Amino acid sequence: MFKELKLGNIAEGVSNVKQYLDLFGYLNSTLHSNFSDEFTLDLQSAIIKYQKNFNLKVTGQIDRKTYNIISQQRCGVPDIINGTTTMNMGNSNTTPFTPWWKAGKKVLSYAVHPQNNVSDSVKVLFREAFDRWSKVTLVNFTETASFNESDVRITFLELDGKGGTVGGADRNYSLGVGSVYLDSEEEWVVRGENEEGDVDLESVVMHMIGHLLGLGHSSVEEAVMYPIVLPEKKTELSYDDMQRIHQIYHVK
Ligand SMILES: [Zn+2]
């Protein structure tokens, strides 16, 4: 039985919600662990931001709909980074982005960690995902065998077990390297129908490449850049994704 929680309540599990909101940039807390089970004012303001970002009714409470979204699998990249968000609660449509790759480079190489030993069908999947983004950015990608010298490095590794975070992306400006992390403990689906709890690899890969190319999260559920993993496959760029990538690359 789900019970709504609001300011002043003390209940088991509130600390987990705080942990989640802290992880994804909503809680302005200096504390990053050992959260209490008390529904505090800063939790309330974090919940309000979260509800705005996910087009939920703004109640400031942990209600059922809010909790449903919190409990779904999602991208590990925060929604709010250093106080900035590209989701609803932000008021800027522009995404300032400086490429992390060496200036002037028009072709970026990518490789999957050799120990991950991915199948040919997974390689094709990556190829197609990169190609889809190339069309709207004119940044080209080519597969390489030398992982340690590649511009984009993709690794399957244990993150937080099945569920929770499915992966993340990181742009390292000093090394000039973009990284994609995928949780090896998810039930990844390469081709075919997803069963409950499965994660569609191509949809997540599309999302992570979007991060490498400069996009943050979107509040639009149909967008590739929506942070929550939905059961439906989502590999084609939505109107929202196209609008936002256009603001960075201006490809006609
Ligand atoms: Zn993401």
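The backbone N, Cα and C atoms fix where each Cβ goes, and this holds for glycine too.
For reference, TrEMBL has these:
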type	residues	note
BINDING	C75, H207, H211, H217, M225	Zn(2+) binding site
BINDING	D151	Ca(2+) 2 binding site
BINDING	D160, G161, D183, E186	Ca(2+) 3 binding site
BINDING	E186	Ca(2+) 1 binding site
DOMAIN	97-251	domain 'Peptidase metallopeptidase'
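Overlay of TrEMBL feature records on the structure.
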| residue | record | contacts (Cβ under 8 Å, 6+ apart) |
| --- | --- | --- |
| C75 | Zn(2+) binding site | T165, V166, G167, G168, V204, H207, M208, H211, H217, P227, I228, V229 |
| D151 | Ca(2+) 2 binding site | W101, K105, L108, S109, Y110, G176, V177, G178 |
| D160 | Ca(2+) 3 binding site | D183, E185 |
| G161 | Ca(2+) 3 binding site | D183, E185 |
| E186 | Ca(2+) 3 binding site | Q73, K162, G163, V166, D198, V199 |
| M225 | Zn(2+) binding site | H207, G210, L215, G216, H217, S218, D240, D241, R244 |
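Checking the binding-site residues D151, G161, D183, E186 against ligand 1, none has a C-beta less than 6 Å from an atom of that molecule.
Of the listed binding-site residues, namely H207, H211, H217, the sparsest CB environment within 10 A is found at H211. Neighbours of the Ca(2+) 3 site: apart from D160, G161, D183, E186, residues of the same chain with C-beta atoms within 8 angstroms of the site's C-beta centroid are E158, L159, K162, G163, G164, T165, V166, S184, E185.
Reduced to three states, the DSSP call for H211 (Zn(2+) binding site) is helix. Same-chain residues with CB within 8 A of the center of the C75, H207, H211, H217, M225 CB atoms, the Zn(2+) site residues themselves not counted, are V77, A169, M208, G210, L215, G216, S218, V224, Y226, P227. DSSP assigns D160 (Ca(2+) 3 binding site) to coil in the three-state reduction, placing it in neither a helix nor a strand.
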